[in-house]
């Protein structure tokens, strides 16, 4: 018999070795133990007793689809390289920085856009279809939740699959921009290095000197991925909307996020203030561990599909 969530001990333990995942993506997934039957039963109780579940997903949900993250110990971008993501201020003020960014993004786009949802994305989609999931907020910009068919969704940091004009605000599909890049740069080639979490690749500066970047076809303005770059802030209307969805919910589950970025962490603070039950599923520590009743360190792709909905 499953226990009420308030009866569950904090910091759920895990055991056994992790189950096998595809070798092609394993290098992006940090080492973890496989959740044991006791821990799974306790998380099952938490989900079962929620009727309007609010989920926050992060990069740890997409590593099993082959997309690296920034912070995971040993395998994240920060651990493997000295590379840091594009800063908002740098992109806005420097045409040279935009040229470098878009050249790298152009090379990396075919691979990045080909990634597909994994079992964790599909499980959350099923939870929505069965009425368990009230709202899903993702910090990811890879569009994998949309590819999985999720509808009750807010992409908190936007999506690399959309491009916005900083002058007139026109939105266009990223795939259309790829065609414009190709037309403007016939014969331009650059061999791709490793793909970064935001979809670009590692290129030397001299490789991008002759790369041409198109302007907005509506007003001639500057084009940017419709994502929140580091150093920028999430739109206030989006934050307000998500807080309203949280207020309608009765429990919060974090899936695959360390919550180091305040844009996501703020919703855990709000949930704690509302005394909502909180569970965290993530490999490694998170910023909100002190706020949670249940803490599970295991792979999202192993755990979420194993949860049964009544």
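The chain as shown is numbered from 1 upward.
For all residues, glycine too, the Cβ spot is worked out from N, Cα and C.
Among the features that TrEMBL reports, active site, proton acceptor is placed at 157. Per TrEMBL, the feature NAD(+) binding site maps to 58-78, 139-142, 256-258, 282-284, 300. Positions annotated as Zn(2+) binding site by TrEMBL: 165, 168, 216, 219. Annotation source TrEMBL lists domain 'Deacetylase sirtuin-type' at 33-310.
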Beyond the site residues 165, 168, 216, 219: chain residues whose C-beta lies within 8 Å of the centroid, for Zn(2+): 166, 167, 169, 170, 215, 217, 218, 220, 221, 223
Other C-beta atoms that fall within 10 angstroms of the C-beta of residue 282 (NAD(+) binding site): 27
Among 58, 66, the one of these binding-site residues whose Cβ has the fewest neighbouring Cβ atoms within 10 Å: 66
Other C-beta atoms that fall within 10 angstroms of the C-beta of residue 216 (Zn(2+) binding site): 19
Surrounding CB atoms that lie within 10 Å of the CB of residue 62 (NAD(+) binding site), all protein chains: 29
